[in-house]
Amino acid sequence: MALASTDKVILGSIAFAIFWVLAVFPSVPFLPVGRTAGSLLGATLMVIFRVITPEQAYAAIDLPILGLLFGTMVVSVYLKKADMLNHLGKLVAWKSKGPHDLLCRICLISAISSAFFTNDTCCVVLTEFVLKIARQHNLPPHPFLLALASSANIGSSATPIGNPQNLVIAIQSKISFGSFLVGLLPPMVIGVLVNALILLCMYWKLLSVQNDEEDAASEVVDEEDVSSDKIYLLRPFRNRSTSYENEIHQVSSSAPALARNSTASEETLHNGASQKKHETAASDEVKSVNGLNDVLPVKHSKGKETLAPRLKRILWKSRVYLVTIGMLISFLMGLNMSWTAITAALALVILEFKDAQSCLEKVSYPLLIFFCGMFITVGGFNKTGIPSTLWDWMEPHAKVNCASGIAVLAVVILVLSNVASNVPTVLLLGSQVATSTVAISTAEQKKFWLILAWVSSVAGNLSLLGSAANLIVCEQARLAPNLGYTLSFWNHLKFGVPSTIIVTAIGLALMG
C-alpha cells in the first residue's frame, strides 16, 4: 500500500501521536485525561481530520475481540467471588520452606493463573497477598513483586485469553485455542523456570538475610492471612474494645462453672422434669450473658442453621468452577471463542439467581472503551500507508524461515511493544501480516503469529511501562493499606532487561 496524500499522512500521524502519548503517559501535565479518554480523542481526531470516514471508523471496531474480552472479564469476576484465586494464594504459603521456595511458588502460581484468568486479573488479586507474605517473613517485597508481574506476563502468553494482545492475535489469525496452547506452552513453561532462576540468582543473598523475628516465627502464613473473606469476618471482632474482649473471656471461663452447677443439680434433683428445666436454664444463661449471642457460636442439635448456608455456598462455587471448565473445554474443541465466553458469563449470571448488577459493575468498561478507540485510531493510522511502507522495508529481513529473520522480527516487536505498547503493536503488525503472508505456507503464517504472541507478551517485562500488569502491581503495591511499597522504575529495569532478552531467546529457540 502506497502512502496516502500528504495531508492525511501528517494529520493521521498527529492523531496517532496524541493517542500514543496519552496511552503510554496517561497523566501528562498538559492533558491528564488518561488512557481511555486518550484513545477516544485519537479516534475522534482520525474522523475529524478525515483520515477515515465514520463508516470506516465503525467497521474498524473488532466486535469479536470485545465480546471475548467482556465474557472473560465477567467469568473472572465470578471466579474471584468464588475464591478461586484465594485458593491459589493458599498454595503459595502451604508448607513453605523459606523465601527462595516462596519466590518459586509465586512464579508458578502467577504464571498458571494468568494463563486462564488474564495477567491483569492475576496481578490485581495477588499483589496484596504477596506483600503480606513479604511482611510476615521480614523480607524485601520487590523480588516477590517482580516475580508476580514477570511470571504473569510470561504465563499469559500460553493462551488466547491470557492477555489482550493474544485475544487480537487469536481472532485475526483464526488459530484455535488448542493449537495456540500447544504452540506456546513449552516456551511458557521453560520461560517461567528460567525467569525464576534469574530472580534467584539476582536476589539470592538478599532473600537469605532474614531478621531474627522471622527466624523465631517459623510458621507460614495461615489461612486467616490468606483468605480475604476470613479477614473481613474477623476484623469487626478484633476491633472491639478491650473490655468487650474481657467480657468474652469471662463468659468462656464461666461455662465450666455453669457446667459444674448443672452436674450438681443432676445429683441432687431426682425428678427428671426438674433436671431438664435446670439444664435449659443454665444453657440459656451461658448464651445470654452480657448479650453476646452475636459473638459466641451457638451449637444447634441438628446444625441446620449453619450447615445449610455452607452447603449452598459450596454448591454455588462448584457450579462456577464447572462452568469455567466447560468454557475452557469449548475453547479446546474449537468453538467460537467470543460467543463461548459470553455464554459462560450468562450462565454464571443465571446460576447466581439474583440481580447481576453488582458483578457486572466490576467489569472494566473503560478498558473496553479504550479498545474501541484504539481500533479506530490504529485503523486510521494504517490508512496513511506508513505502517505498510515500513513493513515493506522490513519484511525481506524478517523471514520466519531463518534464524536471522526471526531475530530481526523479535527485536522489532520488542522495541515497538515498549514504545507503542504491546496491543497497538500487535494491531499494527497484525494487519500487515494478514495481507503479506497470503503467499507463504500455512505453517509459516502460524509460526509468525505465535512469534508475535510470544515476543509481545514477554516484552512486557523489559520495563515498568512495558505492560499493564506491571503498572497494576506497582500501583496496587503502592496503595496497599499498611503494606505500601513503591516498586521503582530502575529496580524493575535492571531485572527486566536481562530477563526479557534471555527468556525471549530461549522461547524462540524452542519454537524452532
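Glycine residues also receive a Cβ, built from the backbone N, Cα and C atoms like all the rest.
Since the structure is predicted, the reported quantities are computational estimates derived from the model, not experimental observations.
As recorded in TrEMBL, the features of this protein are as follows:
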type	residues	note
COMPBIAS	253-274	compositional bias 'Polar residues'
DOMAIN	26-459	domain 'Citrate transporter-like'
REGION	253-277	region 'Disordered'
TRANSMEM	9-28	transmembrane segment
TRANSMEM	59-79	transmembrane segment
TRANSMEM	184-204	transmembrane segment
TRANSMEM	320-351	transmembrane segment
TRANSMEM	363-381	transmembrane segment
TRANSMEM	402-420	transmembrane segment
TRANSMEM	450-473	transmembrane segment
TRANSMEM	493-511	transmembrane segment
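Contact between the transmembrane segment (493-511) and the transmembrane segment (184-204) holds: at least three of their C-beta pairs are under 8 Å, each pair 6 or more apart in sequence. Count of Cβ pairs under 8 Å against the transmembrane segment (9-28): among 59-79, 363-381, 402-420, the largest is for 363-381. Within the chain, the transmembrane segment (59-79) has long-range Cβ neighbours (under 8 A, six or more residues past its boundaries) at 52, 85, 117-118, 121, 160-161, 164, 167-168, 171, 320, 323-324, 327, 337-345, 348-349, 352, 359-360, 362-364, 367-368, 371-372, 375-376, 378-380.
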